[in-house]
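Visitor: Have a look at this one.
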Amino acid sequence: MIAVIGAGAWGTALANAMAQGEDVLIWAREPDVVASINSDHSNPLFLPGVELSARVRATTDLRDLAGIDLWLVVPPAQFLGRVLGSAPLEAKPTLVLCAKGIEAGSHRLMAEVAAEAAPGAPLAVLSGPSFAAETARGLPTAVTLAAASEGQAAALAERIARPTFRPYASDDIVGAEIGGAVKNVLAIACGVAIGAGLGENARAAIIARGFAEMTRFGVARGARAETLAGLSGLGDLVLTCGSTQSRNMRLGMALGEGQTAEQALAGKLSVAEGAATAPVLAEAAAKAGVDMPISAAVASLLAGQATVPEVMDRLLNRPLRAEVR
Ligand SMILES: NC(=O)C1=CN([C@@H]2O[C@H](COP(=O)(O)OP(=O)(O)OC[C@H]3O[C@@H](n4cnc5c(N)ncnc54)[C@H](OP(=O)(O)O)[C@@H]3O)[C@@H](O)[C@H]2O)C=CC1
Ligand SMILES: O=C(CO)COP(=O)(O)O
């Protein structure tokens with residue numbers, strides 16, 4: 001049996017994918033979500049329109065996960081530490097971290113948060129181009145699965161691979177994490193460009209120059225550049241920047257159309273992780289001395305410190321430079 005923590009869109013989609021091979025127990029905070037999964041095989045709040053396998057069962061009690069050796073951990077990034085802090089981790093289950101973000105305040109990546117909350121538990125990171133609604137329906141999905149060694153990642157990949165869900169093993173945990181966290185911020189930037197009517201050239205420029213800043217930041221944090229060029233970096237960047245299925249992209253479009261961040265985020269049940277990541281990334285990049293002008297522009301737009309024309313002006317008036325350094 002596999003455990004899943006968090007019954008948002010991605011936790012529910014992963015649970016349904018895993019149920020193609022093993023029974024799954026998914027934990028959700030909300031009794032209504034648990035009741036719908038158990039009685040109707042659906043999660044209309046977070047993943048409407050998808051019929052879930054009968055092999056997915058749900059619980060509101062984290063203690064029910066004790067004894068399960070493999071957990072997919074899928075709460076939004078800012079809640080990871082708190083959720084693991086209440087989980088029964090005595091048996092040191094393998095934790096596969098699936099959130100995409102950086103912890104506010106500490107600037108820690110998810111594996112660093114989990115290492116403190118679950119000392120001694122083997123850790124892995126699952127990240128890549130994967131809209132929940134598509135994975136949940138069994139459409140083909142490929143992701144990066146990074147662990148401490150490629151051997152551990154390969155063994156884990158064997159366990160969670162399914163006919164249409166294909167994990168690629170890696171030993172670059174930091175690289176897998178940075179790609180997923182940074183692409184959300186860049187998707188907001190692409191959304192702004194589209195929402196403000198700046199055109200497709202602007203979108204492509206943001207993807208390519210955004211990838212350059214993702215790589216600079218990743219390498220400064222110890223990632224390998226080739227990981228960032230893979231599924232969890234470039235792959236997810238292209239997916240998220242290219243589709244209005246992305247919540248981060250849609251948030252950016254609303255900003256580009258003139259809404260404030262407060263207006264664009266009001267009443268939303270689902271997360272656009274880039275909104276939380278952008279200010280943290282801007283701080284972390286400044287601290288590390290890494291130039292990330294697009295991410296910094298997104299952070300100032302979200303904070304209401306600049307308008308779209310102002311950030312455009314700032315980006316276009318930067319000194320000309322060589323493309324590759
Ligand atoms: N959706 C997608 O396509 C993908 C998402 N991801 C990543 O997965 C992570 C989860 O996103 P997603 O599943 O989409 O989430 P959703 O936006 O669908 O749902 C919000 C989630 O946040 C949880 N939540 C809200 N408040 C709290 C809290 N105080 N403590 C714990 N949990 C809380 C909700 O749990 P509750 O039901 O208990 O309220 C719910 O699971 C994110 O990091 C996202 O970037 C990664 C790949 C694809
Ligand atoms: O991470 C995702 C796809 O890989 C989901 O993107 P959004 O959170 O922007 O919807």
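Just so you know, glycine gets a Cβ as well, placed from its N, Cα and C.
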Visitor: Taking TrEMBL at its word that R247, N248 bind substrate, choose the one of K100, K287 listed for that site.
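Guide: For substrate, TrEMBL names R247, N248; of K100, K287, the listed one is K100.
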Visitor: Tell me, in order along the sequence, which binding-site residues from R29, G128, S130, K183 have their CA within 10 Å of R247 (NAD(+) binding site).
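Guide: Of R29, G128, S130, K183, within range: none.
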Visitor: Would you mind listing, in sequence order, the residues at least six apart from S246 (sn-glycerol 3-phosphate binding site) in the same chain with a Cβ closer than 8 Å to its Cβ?
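Guide: Expected: F131, A187, G191, L239, T240.
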Visitor: Please report the Cα separation of N248 (sn-glycerol 3-phosphate binding site) and E273 (NADPH binding site) in Å, rounded to an integer.
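Guide: With the alpha carbons as reference points, the distance is 7 Å.
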Visitor: Using a Cβ cut-off of under 6 Å to any atom of ligand 2, determine which of the binding-site residues G6, S130, R247, V271 qualify.
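Guide: Among the binding-site residues listed, those whose Cβ sits under 6 Å from ligand 2 are S130, R247.
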Visitor: Reported in the order helix, strand, coil, what are the DSSP residue counts of the domain 'Glycerol-3-phosphate dehydrogenase NAD-dependent C-terminal' (172-312)?
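Guide: Split by secondary structure, the domain 'Glycerol-3-phosphate dehydrogenase NAD-dependent C-terminal' (172-312) comes out as 105 helix, 0 strand, 36 coil.
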Visitor: Just name the most isolated of the binding-site residues D236, E273, going by other Cβ atoms within 10 Å of its Cβ.
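Guide: Output over binding-site residues D236, E273: least Cβ neighbours within 10 Å is E273.
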Visitor: Please give the maximum pairwise Cα distance, in Å and rounded to a whole number, for the NADPH-binding set W10, R29, K100, A132, R247, V271, E273.
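Guide: Across W10, R29, K100, A132, R247, V271, E273, the widest Cα separation comes out at 22 Å.
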